[in-house]
Protein chains: 6
Amino acid sequence: MTISTRPSQRKPENLRPVSIIRGFTKHAEGSVLVKFGDTHVLCTASILEKVPPHQKGSGEGWVTAEYGMLPRATHTRGDREAAKGKQSGRTQEIQRLIGRSMRSVFDLKLLGERTIHLDCDVLQADGGTRTAAITGAFVAARDAVNQLLDKKVLSKDPIKDHVAAISVGIYQGVPVLDLDYAEDSACDTDMNVVMTGEGGIIEVQGTAEGAAFSRAELDQLLSLAESGIKELVQLQKAALTK
Amino acid sequence: MTISTRPSQRKPENLRPVSIIRGFTKHAEGSVLVKFGDTHVLCTASILEKVPPHQKGSGEGWVTAEYGMLPRATHTRGDREAAKGKQSGRTQEIQRLIGRSMRSVFDLKLLGERTIHLDCDVLQADGGTRTAAITGAFVAARDAVNQLLDKKVLSKDPIKDHVAAISVGIYQGVPVLDLDYAEDSACDTDMNVVMTGEGGIIEVQGTAEGAAFSRAELDQLLSLAESGIKELVQLQKAALTK
Amino acid sequence: MTISTRPSQRKPENLRPVSIIRGFTKHAEGSVLVKFGDTHVLCTASILEKVPPHQKGSGEGWVTAEYGMLPRATHTRGDREAAKGKQSGRTQEIQRLIGRSMRSVFDLKLLGERTIHLDCDVLQADGGTRTAAITGAFVAARDAVNQLLDKKVLSKDPIKDHVAAISVGIYQGVPVLDLDYAEDSACDTDMNVVMTGEGGIIEVQGTAEGAAFSRAELDQLLSLAESGIKELVQLQKAALTK
Amino acid sequence: MTISTRPSQRKPENLRPVSIIRGFTKHAEGSVLVKFGDTHVLCTASILEKVPPHQKGSGEGWVTAEYGMLPRATHTRGDREAAKGKQSGRTQEIQRLIGRSMRSVFDLKLLGERTIHLDCDVLQADGGTRTAAITGAFVAARDAVNQLLDKKVLSKDPIKDHVAAISVGIYQGVPVLDLDYAEDSACDTDMNVVMTGEGGIIEVQGTAEGAAFSRAELDQLLSLAESGIKELVQLQKAALTK
Amino acid sequence: MTISTRPSQRKPENLRPVSIIRGFTKHAEGSVLVKFGDTHVLCTASILEKVPPHQKGSGEGWVTAEYGMLPRATHTRGDREAAKGKQSGRTQEIQRLIGRSMRSVFDLKLLGERTIHLDCDVLQADGGTRTAAITGAFVAARDAVNQLLDKKVLSKDPIKDHVAAISVGIYQGVPVLDLDYAEDSACDTDMNVVMTGEGGIIEVQGTAEGAAFSRAELDQLLSLAESGIKELVQLQKAALTK
Amino acid sequence: MTISTRPSQRKPENLRPVSIIRGFTKHAEGSVLVKFGDTHVLCTASILEKVPPHQKGSGEGWVTAEYGMLPRATHTRGDREAAKGKQSGRTQEIQRLIGRSMRSVFDLKLLGERTIHLDCDVLQADGGTRTAAITGAFVAARDAVNQLLDKKVLSKDPIKDHVAAISVGIYQGVPVLDLDYAEDSACDTDMNVVMTGEGGIIEVQGTAEGAAFSRAELDQLLSLAESGIKELVQLQKAALTK
């Protein structure tokens, strides 16, 4: 690969420093502050003893997510969605993605008729908020489910595997891992990848911001993402053993 | 490839019958009824001599899209979004995708400070409404821009290439092209691909509905999509010469 | 009557060419594309095995309607009501009128505790969308109810009579039938009339746009409407025997 | 006519006792409490030195109306529209009717670029709130415009004629004038008529609640309305000379 | 105290003329028009045989309030909250205050599972609308509860004491009672006090509009309020014996 | 005072441990994480070079606040206001209080035509979120204004004094300072007090939750609040010198 020109001086294949702090707030069954560099997301997992209408009486549970960004998490203040009276299309897209990603590693039958509700709130944003959210939300969900197992509410673990996410992109012609805001706002192609601990692909969302991209570039990006997610899964595991 | 088990009896690599009818309604600058089998979408392109705030004074134009589904386009009646007072997350995701796809082939500077507003309304749904919408919307946009060129409002063509979209998925273990509703609701992996006439990738959105998918499967799906989109671009060209 | 000065060259007492196409879309129990000249409305009838709260437990059914207009059905693009987050006063007025008109020919007891939900969506507008909607919706409702009779869900027909509607107005001093957009936007008095097949009046809504009108003029308009609706009922019957 | 069976013992051709109290509140340029029997509506007219966008720069003014009902104006408490976050279809229909009726007697050019905003709020309801509102709103508008004339803001009177409204209906087979709630909720046909002081018809809205009605019945109802409105215009004139 | 400079010529310790008219409208179980000078509020009490979700099955009732202001109750027309689609923060603050104040004198157990819903609508505003509303709403609630007692629906009175409210403030350096609009808009400190008939404090809401205020000033204001509320309770009692 | 029975074992006149962390997030001009025991509120101050309409052209600035609570800041998950589409009455009351409190120590003329927008978001709640928010928001505002002074955008300091807030209440008959959730949900009287550094009262909001309270009790509560706020102002000063 070519010499790095990344604003952060990182090598193309390097993640930002990642930290996963469990128990950040006290009320939620799982509460994780996840940091991908200067992107900080608070992920809480709440156990609700009810399910949405479409699951009622099915014997199955549900896993869902909501996403928000504090108004001044960003360089310039954004309007508060609660004050505007609606969530943006971007917010809805992200929270649907987080929910789908979490459900992909859950056995909803084993969860029983209850909901794991994940709330991912961005305290500070520097690119990659949705991938940090997915990576942190998994740990929060894991903590919440562990409580159910510890209390013998559940006898079998409904979580089948880890799940984590990372962004990749082509920045100044070079495929790079884990875009920060400076890269994200200037790159040609931006892709978010969600994978399981075993390396299965859960979601691929690639968008050409400027020029279209080729199959070869797509391949390079996927390889970068694959190795980045492997690293994130290790970090999740390390955080969970603390 | 294996023997087809597709509900429609199609071979894995076959599109549904596609038809692209121009001039379906009379007021819009571009008006196309596009059919991918039993999925029928009315795509209109409106020329508006104004741009959204973020483009004002930039000398550049804008291309945007809205998407809707008639309440009884589907097997069971869905609530009317206008009556509910908001667009669903799904609707917003789709209209954002259509808008991005269209902008990828537009030179907004050459368009000048005006907007091409695409409206994609599903009259009848049988899977693949967003890919039909993108494929039809391009033709409507092309007709609208041709009017601007014919009237000498524009001297240079702001459209750089064709753009079209198709869905692919893994149905009963077999990668197949252009999922209809019966396949879509039962498949393991579902991917929408948007490409240009020259074969550049604009957007890849793959989701594991059930089991995660592998890099190898992703590769097969992309190859299927590539050939399907080539065919769609030929059909767009044929429709435009009528 | 005086020599016609109607933009369409029609005689004062002439309808526009009317066509009533059944089975236009495949999922709805009744699906009719009705055309009054260049006004094209897609009317679907959905059978829902539930009733609104005010009818619950009454043993009676309900018939209701919703109305919408595609954003570019008109000369200039109108805002999408779903995107604005509310239906206009005009939309609500029209859908209430369609619902009342349909209910006037239904025996809700014979229908049983189910709802016929009519959706009238204007694909192309050229004046008279509400009268076309009522005329087409009746045929869609008839088809839906026939299904219930065919399947022996109902043993007695809950539909008591035909219902159809037409607009009349005073254009350049002359009472004329079935106003198109050019007439509608320039006329002094505009009246919508809904009548049954037997000639009973269901609804009369007359508005002086410019000068007030007299009892004599009102009489002339009603006579015109009466003959127009008779013709429409014949066309409904013809369409239903195809 | 047949012997009266009206719950109120009124003769078919009798209005309820009508009172029109000017200056009911002190801030508005016109403020009228109008009573049609037990139906009490507070109508205020506000002069606003601005016009809606569609009239800006036209040199013409605008006349518009809003309608509301206090939650406990009725037998059982209705939800407050401000709390529900939207106005019902009925409310919008009524306020559009009031606005159209007022504009029918205004010369908007002579009014100049300002708005007469009428607010009609029902304090107590017993049927006929919209007709009382129109009848009272005219007097409030008259008072507001008189202020503009007195202050020489206007030199020529923009009001061309009186306007008033009344309901008529067929109750137990008998055409009756000015329905109260007991009649309104039980009658077969209900019609609201708006007329000018000179007897021109501005608006006719007749609805068959049960059985359809005939041309002959419509004629009887219009005659009743005509005489009732004549009486109301006299009462408006009397109130204005006090 | 210093010589009065109040715009109304009142002495600092004087209320405006207060009138409490019961039975102002006919449908509500309690209906009171309360006037504090030129501030006129219509307060109705409705008995609803249901409770909000948080009280269901508790055996206890609920008392709640809604507040509104007619658009032209004020010097300049305010937007109608129903038309804007939401209640302002001010409106919500006031209706929450009225509800809390009423509940403070109710034994919800004795009320049984039903709701007293108070609606306070300002017909004309001249300062102090919330204190007039509380004072009038108590009388309306009293009338409604008396009905329940008279009809033997209740055997024991759930109302424990009177409740009334008044505003006090520092106007041109002088503590004054019952601010009218001229004073309210120019005063330094504005305080609303709610007290029971026995002189217990229910609510104190003091705000420094300009300069901060001292403990000594607060004391003076509370004494003024105390004597004003005593007077109001006498007036409530007098009104209730009529 | 009597022996403490406070759940936290604090003496009646003791605050919880307070910490004020400046620079908690990096984008905002002021960013403070304030902790009153287990109540944690992130307060950011944003400088916006614009003012709301009512201040435009006045030469004066504006200071305003918004308040939010993360869904799982509390014992049980609360609905996300952005998802519900509106802010609760409680939220609006609190953000109006924060805004008024901040404005009380600002000279808006000296601020010039710009806005200090405070966002107070509760990460974890244990009672007293509004008083923590006011106390922290002042420090964030101070930091933001210091930036304007450092950059010579402002030459004179628009902040006239400190402002801080605390809650007091009567818990089991004893007046106590700084209620935590356990006390707040069980106390008879709850009062929030806002004062300046010089000891002037800005806002007093006292509510009897159960029994009414007396003048004597009110006095005791105010004295407690006074000493608590003095302490908070010292803590603000200490934090600002770090």
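Just so you know, glycine gets a Cβ as well, placed from its N, Cα and C.
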Check TrEMBL for me: it has F:GLY128, F:THR129, F:ARG130 binding phosphate, so pick out which one of F:ARG90, F:ARG103, F:ARG114, F:ARG142 it puts in that same site.
F:ARG90
Assigned element (helix, strand, coil) containing F:GLY128 (phosphate binding site), judged by DSSP:
coil
Looking only at Cβ atoms, how many others are within 10 Å of the one on F:THR129 (phosphate binding site)?
24
Could you count the residues of the domain 'Exoribonuclease phosphorolytic' (F:163-227) that DSSP puts in helix, in strand and in coil?
17 helix, 30 strand, 18 coil
Additional residues surrounding phosphate, by Cβ distance to the F:ARG90, F:GLY128, F:THR129, F:ARG130 centre under 8 Å:
F:TYR67, F:ILE94, F:VAL122, F:ALA125, F:GLY127, F:THR131, F:ALA132, F:ALA133
Per DSSP, what is the residue tally for the domain 'Exoribonuclease phosphorolytic' (F:15-144) in helix, strand and coil?
42 helix, 41 strand, 47 coil
Recorded phosphate site residues F:ARG90, F:GLY128, F:THR129, F:ARG130, farthest C-alpha pair in Å:
13
Among the binding-site residues F:ARG90, F:ARG130, which residue has the fewest other Cβ atoms within 10 Å of its own Cβ?
F:ARG90
Taking the Cβ of F:GLY128 (phosphate binding site) as centre, how many other Cβ atoms lie within 10 Å?
26
